[in-house]
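As annotated by TrEMBL, phosphoenolpyruvate binding site applies to THR152, GLY168, SER171.
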Amino acid sequence: MYAPGVTVLVPLKPLAEAKSRLRGAAARHEDLVLDLARATVSAALAAEGVARVLVVTRDARAAAVLRACGAGVLADEGRDLNDALRRAAAAVAGGDAPPVGAGHLSRPAVAAGPVVALPADVPALRPTELSEALAAAAGRRAFVPDAAGVGTVLLVAAPGGALDPRFGPGSAGAHEHSGALRLAGAWPTLRRDVDTAADLAVVRGWGVLCEDVTA
């Protein structure tokens, strides 16, 4: 069983800049991006072993909506995605992150635990799959590749260890080369990130994101 008190970091670009390959897939692009993030955050919050979800963003609208879902928010001050995650992980380790229960959902008080990174584009995620992946890491630095086996949908730090994110093209290979353990579970909803219109069609076929967000 993975250590309790997990902090899930969910990085999110400004809505107008995020998910450029999905432009044209929905009438309101920013609403679609926000819906992806909202579904991801809600699932992560429901996963066993997760104490808090912290969204790393500089988008004010996204911050407000995701706080209302129960997430805390850390300002994105990074030069890029990996720098933002490193800074966020350091804030958690240093006690400078929003506490458990920073959103509207109350959480039991727990000591700061391990940190994981979860992209904001896994809207079909089942909480049980996230919990199973965390358990499979068994205290080791590990990652879950995406459905294609090329990208990364979850990066897990060992308790007390560095997250050392290597997100970007070919991140699965980069994380494995850096010493992270590749986790081999099926976890179809965790591994299905949404980068393209074809990915969006898959999750809509599962009954997820069947309508555009209007909020």
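Using N, Cα and C of the backbone, Cβ positions are placed for all residues, glycine too.
The structure, with features from TrEMBL marked on it.
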{"residue": "THR152", "record": "phosphoenolpyruvate binding site", "Cβ neighbours (10 Å)": "26"}
{"residue": "GLY168", "record": "phosphoenolpyruvate binding site", "Cβ neighbours (10 Å)": "12"}
{"residue": "SER171", "record": "phosphoenolpyruvate binding site", "Cβ neighbours (10 Å)": "22"}
8 Å Cβ shell about THR152, GLY168, SER171 centroid, phosphoenolpyruvate site members excluded: GLY151, PRO165, ARG166, PHE167, PRO169, GLY170, ALA172, ALA174, HIS175
Max pairwise CA distance, angstrom, over record-listed phosphoenolpyruvate binders THR152, GLY168, SER171: 9
